[in-house]
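Residues annotated as active site, proton acceptor in TrEMBL: Asp703. Per TrEMBL, the feature ATP binding site maps to Gly559, Arg560, Gly561, Ala562, Phe563, Gly564, Gln565, Val566, Lys586, Arg707. The annotation Mg(2+) binding site is assigned in TrEMBL to Asn708, Asp721. According to TrEMBL, the domain 'Ig-like' annotation covers 21-175, 182-261, 280-378, 385-472. According to TrEMBL, the feature domain 'Protein kinase' maps to 552-837. Annotation source TrEMBL lists transmembrane segment at 483-504.
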Amino acid sequence: MCVFVSLRRTIACSPLRCVSPPLSAGYKIYDLTLTPAHERLSVGERLVLNCTAYTELNVAMDFTWTHPISLLTMFMLFLLSLEKPFIDFDDHKWVKVLGVNASAQTIKIPVKFDAYPEPTVRWYKNGQPIYKDDYRFKPARDSLMILGLAEKDAGNYTVVLINKITKEEKRRSVQLLVNVPPHIIEKEVAVDTDVHMYGSSPTLRCTARGIPTPTRIQWQWMSREDCPLLFHSLKIQKAKVHALYKCLTSNKAGQDSRIIVFHVTRNLLFIVSPSRQPIEQDQVVLRCKADRLIYGNLAWFRVENEFDPEQVPAVQSCRGLSLSQQPLSQAVLSGLQGTNVTLELPLTNVSRGDQGVYACQVENIKTGERTCLLRHLTLRALEAARILNNLTDQRVNVSATTMLICEVTGTPTPTVMWTKHNQTVVEGSGVILSRLNQTLTIQRVKKEDGGLYTCTACNSRGCDTSQTYLITEGAEEKTNVELIVPIGSVVIAMFFWLLIVFVIRSRKRTNNGDMKTGYLSIILDSEDMPIDEHCERLTYDANKWEFPRDRLKLGDQLGRGAFGQVVEAAAFGIEKATTCTTVAVKMLKEGATSSEYRALMSELKILIHIGHHLNVVNLLGACTKPGSPLMVIVEYCKHGNLSSYLKSKRGEYSPFKVNEPCPSNSESCEWEEHLTMEDLISYSFQVAKGMEFLSSRKCIHRDLAARNILLSENNVVKICDFGLARDVYKDPDYVRKGDARLPLKWMAPETIFDRVYTTQSDVWSFGILLWEIFSLGASPYPGVGIDEAFCRRLKEGTRMRAPDYATTEIYQTMLDCWLDKPTDRPNFTELVEHLGNLLQASAHQVCLCTYMCYVC
């Protein structure tokens, strides 16, 4: 029988003094250690104890040992009777698979066992022994510690216990899984901007690697797509506009993401103006257009290589060309459009010496590779005008049709003129000139049409003539139709003229000079007649629009101004007989004057004249019967004006759309979503659609701004202007100018200086509205005082910088709306088309999405 004795805190060693050299005061002793701490012995076995310590300096130390028998007390004495050697693992606490994140600095693999005698402990990784000299691995009796954990440390770890007496071995294994955060491989080699040709169908890829394998890759983009949720490649059907794409991946160890700047570019473009083959003495302009995000250092050169004019390559590397020593100095940058830059080479009064091959050299910004666009300029020689066919005399019957043909040639193209007895022949009744005047057709020939006709063809190099004599035969008969048609036309015209004069005079009023149009939220285009005459001519159909007051329950006030107010109300049966509809009611305040009453009544008539449109606050009814307040009932938009809404969403804006489906409750989902780039483009497009409709109805808004755009359900915006419900004397957006308070920040220069209101001045205001939308409700011209100096700088060409959230295309649209000449600005139809293309490209960027295996 053997006796196992475990003594704790009964054997101690402590340094008493140092003899050689002596220790100075202040030196410390570290890591005083007694090994082994626990030892199991059989009777008669030998015990060897080691006591070690460290000091700040390499000095000698004396150790004094205290035997446990000399202690007054002994505690934690355990006696265990053992019959034979053994090794037992504690399998209840053994973990077969151990998972840990790679971010952990240290991991300990514990092992619990009982054994007699103390066994030899050996550790193995994937069958290979772990040695103590590997500083990262710290094997111990009860654990294996791994320092600086890395992905390569994952594997199968085995602990082997060997009995020193019987040489029995027992082992247990644990699978160590090192969880590695996902990493998108393309980030290692991908550039910041992915450039793709317009109209191409590129595939965007995000390949995730991680342990465990990432369960999904999520795509986000600036539009909503109907695509599978699990994929790592995104197929673009047709690249049209710039966009931002973002892929995200995650596992239990972490996440990773990649942002792809998707830039669409077009081929290098070479344009010759005029587009037809130029001729000598023409003014020729060569234009070279390139994407400035890809190419720079544009320059024009003459090519000295000999080329067959029919076989000049359109594009080739510049290295194989012999170019003129210096770029052509007359080249000028004609302007920037989006990301494109155009370099023009004007050639004035060209001659034969200007013929040859021209090269536009562009340099790739990233690679430095130089590419040349080539074009052979060929000029047509000047040639005097010449008539190809000789005209011959003709005989034609009266009332028949005849044609005189004069075929001409020459460079430049000759001008053809017909004369009869030296009098120029012009088109008229029965006389038709076609094919650039080369064909003269005379219908229903009369006696007086006979005579000498001369065809004269001229250009800058000379003239040519040819003559023919037209002989008419037969008697001329006057038909009843020829007499009745002109007489009847005159009678009908006089009748309609008298009718119009009678209607206008009967409708005119003598006292119409005090009509105040300043309160009208929308006015009619007064190009043809004054606004008061427009309103007087409009009618109010009470049978169609009158709504009973007793079925209208007024509620909270929505807005209040100097002269009017808008209140929320419940209208019973205004849309359907059995429904209650929330509406907005425009009405005058108490004490309103007759002029203000007529202004609101005129606005009612104008709303009737405008008609219904999705993106305009539509008229629903009115209460106009005498004895009660005048009320105009319009649609109610529960989300308020666009300016306030955008400000409230600033903390929730993201340019991306997430490819995750909405919950079944679509309405709640709609307003819980973040504001995105697609939403901003949609608002802009809808306002343009509404303004296109208003302009088609000859209406001018005059105060188009985000505060006058309301947001309804389903992200539908509606144009309005509660002009009566805003106190312009207190609103900081309205600045005093003379006797009026005007929204100067939104007004076009011609409106500020000349008081001219047109649809094109509304286009200017629309550009300011775009700036508001893409700045998320910021006030235009931030930090600029609105005074006479501001107006002067505006007239001199000062324009706002791009707002924070505008793309290049959107900002260019703003600049187009702010062109100085109203006729140069786009109209609302063009804006609808442009913004519609941007919205469509954003909403349908991606359609084909494929799932591919992850690479790990």
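Note that Cβ sites are derived from N, Cα and C of the backbone, with glycine treated the same way.
On the structure: features taken from TrEMBL.
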residue	record	Cβ neighbours (10 Å)
Gly559	ATP binding site	16
Phe563	ATP binding site	23
Gln565	ATP binding site	18
Lys586	ATP binding site	28
Asp703	active site, proton acceptor	22
Asn708	Mg(2+) binding site	25
Asp721	Mg(2+) binding site	20
Quiz item: Which residue counts does DSSP give the domain 'Ig-like' (280-378) for helix, strand and coil?
Solution: 9 helix, 52 strand, 38 coil
Exercise. Take the domain 'Protein kinase' (552-837) and average the pLDDT across it for me.
Key: 84
Practice problem: Give the three-state DSSP assignment (helix, strand or coil) for Asn708 (Mg(2+) binding site). | Solution: helix
Self-check item: Alpha-carbon distance [Asp721 (Mg(2+) binding site); Phe563 (ATP binding site)] in Å
Solution: 14
Self-check item: Pairwise CA distance, Gly559 (ATP binding site) versus Asp721 (Mg(2+) binding site), rounded so that it is a whole Å
Solution: 11
Quiz item: Asp721 (Mg(2+) binding site): which of the recorded positions Gln565, Lys586, Asp703 is the nearest Cα neighbour?
Solution: Asp703
Exercise. Report, in whole Å, the straight Cα-to-Cα distance of Asn708 (Mg(2+) binding site) from Gln565 (ATP binding site).
Key: 15
